[in-house]
Amino acid sequence: QPHPNEFVGLM
């Protein structure tokens, strides 16, 4: 499961 922090990194 991808962490929310990783999602922010994509942004």
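Heads up, the Cβ atoms here are built off N, Cα and C, so glycines get one too.
The pyrrolidone carboxylic acid annotation in Swiss-Prot covers GLN1. Feature annotation from Swiss-Prot assigns methionine amide to MET11; the stated evidence is experimental evidence.
Its Cβ taken as reference, the residue listed as 'methionine amide' is surrounded by 4 other Cβ atoms within 10 Å in the chains shown. With respect to their backbone Cα atoms, GLN1 (pyrrolidone carboxylic acid) and MET11 (methionine amide) stand 18 Å from each other. Packing around the residue listed as 'pyrrolidone carboxylic acid' is summarised by its Cβ count: 3 other Cβ atoms lie within 10 angstroms of its Cβ, all protein chains included.
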